[in-house]
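Visitor: Submitted below is the structure of interest, expressed as structure tokens.
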Amino acid sequence: MSAASASSLLILQPGLKLNHFLKPLLVSLSQPSSSSSLLVNPARRFFVTKPPLLPAISRKHSSIVSAQSPSDNDRGSGGRSGALAPPPLVEDLQKIDVNPPKGTRDFPPEEMRLRNWLFHNFREVSRLFGFEEVDFPVLESEALFVRKAGEEIRDQLYCFEDRGNRRVALRPELTPSLARLVIQKGKSLSLPLKWFAVGQCWRYERMTRGRRREHYQWNMDIIGVPEVTAEAELISSIITFFKRIGITASDVGFKVSSRKVLQEVLMRYSVPEELFGKVCIIIDKIEKIPVDDIKKELKSAGVSAEAIEQLMQVLSIKSLTELEEILGGTGNAVADLKQLFSLADKFGYSEWIQFDASIVRGLAYYTGIVFEGFDREGKLRAICGGGRYDRLLSTFGGDDIPACGFGFGDAVIVELLKEKGLLPELSLQVENIVCALDPDLQGAAATVATILRGKGQSVDLVLENKPLKWVFKRAARINANRLILVGISEWQKGMVGVKILSSGEQHEIKLEQL
Ligand code: HAM
């Protein structure tokens, strides 16, 4: 086969340089016997190459469209490419580390009860606000999370190449997946969308109190509403959640600002728009690194000394009146913030929120109002955060739709509840414990359990022949309301013995009356 005909068989992906493909291809074609590095899929007229060639190619994908091109899908259709070696077989018996990987958690029953309680409250609040639940895969295309602005989240990505040579990542957040789904559904969606999700996210973080390598996030997002009413509604929902779990405005507050504040300053100094995301990311580090370093970074990003001075001045502002004096009345920043504070008053949560120009947030895609929930004692990291991201969809090749939302993690809030002594007591509770008093009556006990479960009652069925002392102990551990004893004489009469465990009251009742 000539090089020309070989190249005519190639289906090139967007952004892929021909010589990337042709060089190893020609080497392989000239050595047919060593063609193990080149697989031809005749049905699709497509060449599949093995690494190290493909990782370089797939990293070139700059949009979701290219990352999901048909050729990419085809690559995986032949099953495992063998690109990655399987894990080595462990021949000998090996003692394993029984701890979960660093930064991750097991959820034994008591932890799971707490998690379920938290998620139940997340879901209940979302329902109260009329939101619909959605979910996305934990594993996504890496391209979805790779933004140029230098965000910390990018360096924290758990990413790898799968066996089909695709660059994939464990999601560090839910927003890009939501944007992807909105683009995918396109015009079939009727706006506004009010969607919520509760999902696990992965970030290779430095571990501090409330920051882990895996955490769950509750997100609520409103897609299709350009007005600040959307942000006001979202903050209202978080406050509703706080109140439900016993947190008050003296425990927690929200710092609110708008990225339009920075935008207006940058425009005044003719800083190019493309720099906006990058500047925000640099400024967001203001509490973590010395101000001089921030200034240096801004300078090397191309921001003039005058603009840097004005930015620094604006960031220290804590009152809207002062902000208005500096920015003047031309832009939308002050107007948006004023409207938000006025709505907060109508919703009845003014005491929870305050303006703070230093709130910028560490994600590049925010374009308008941004907010963060913080503990007033200042002991913990941000409890939650969100904002408006009206231009995220176009960065993925879709049409922009105004959007805003927030993420609320499961870790900091638990720390706060512990601090405040507000962790709920969540013990296991099973309504009935059913026990056969004779091994021959195990089947009868099973019948009793089935009748009760059919009526919607929970039953812990004692599955072995155990002494009554053991059964009582277990009943206490599971907080059972009733102990149901299946004994021969009662069973022969179609009855069982019932003991109300709280009062000690005891009687025999017919099966139909259970
Ligand atoms: P974020 O500020 O990166 O925003 O994360 C939101 C919240 O997730 C944080 O305030 C915190 O509660 C929790 N969180 C983040 N990282 C960790 C971690 N390593 N360990 C424990 N908890 C963590 C976002 O993720 C945006 N996507 C939120 C959003 C939704 N904006 C619009 N819609």
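Here the Cβ of each residue, glycine as well, is placed from N, Cα and C on the backbone.
Whatever TrEMBL says is automated annotation, not expert-curated.
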Visitor: Considering the L-histidine binding residues E173, L174, T175, Q217, D221, R361, Y365, Y366 given in TrEMBL, which of R203, R206, R381 is annotated for that site as well?
Guide: R203
Visitor: At a 10 A cut-off on CB-CB distances, which of the binding-site residues T175, Q217 has the highest count?
Guide: T175
Visitor: Can you count the other CB atoms that lie within 10 A of the CB of Y366 (L-histidine binding site)?
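Guide: Excluding its own Cβ, the number within 10 Å is 25.
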Visitor: What is the biggest Cα to Cα gap, in Å, among E173, L174, T175, R203, Q217, D221, R361, Y365, Y366, the residues listed as binding L-histidine?
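Guide: Taking every pair of listed residues, the largest Cα separation comes to 21 Å.
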Visitor: Looking only at E173, R361, which of these binding-site residues has the biggest number of Cβ atoms within 10 Å around its Cβ?
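Guide: Ranked by Cβ atoms within 10 Å, first place goes to R361.
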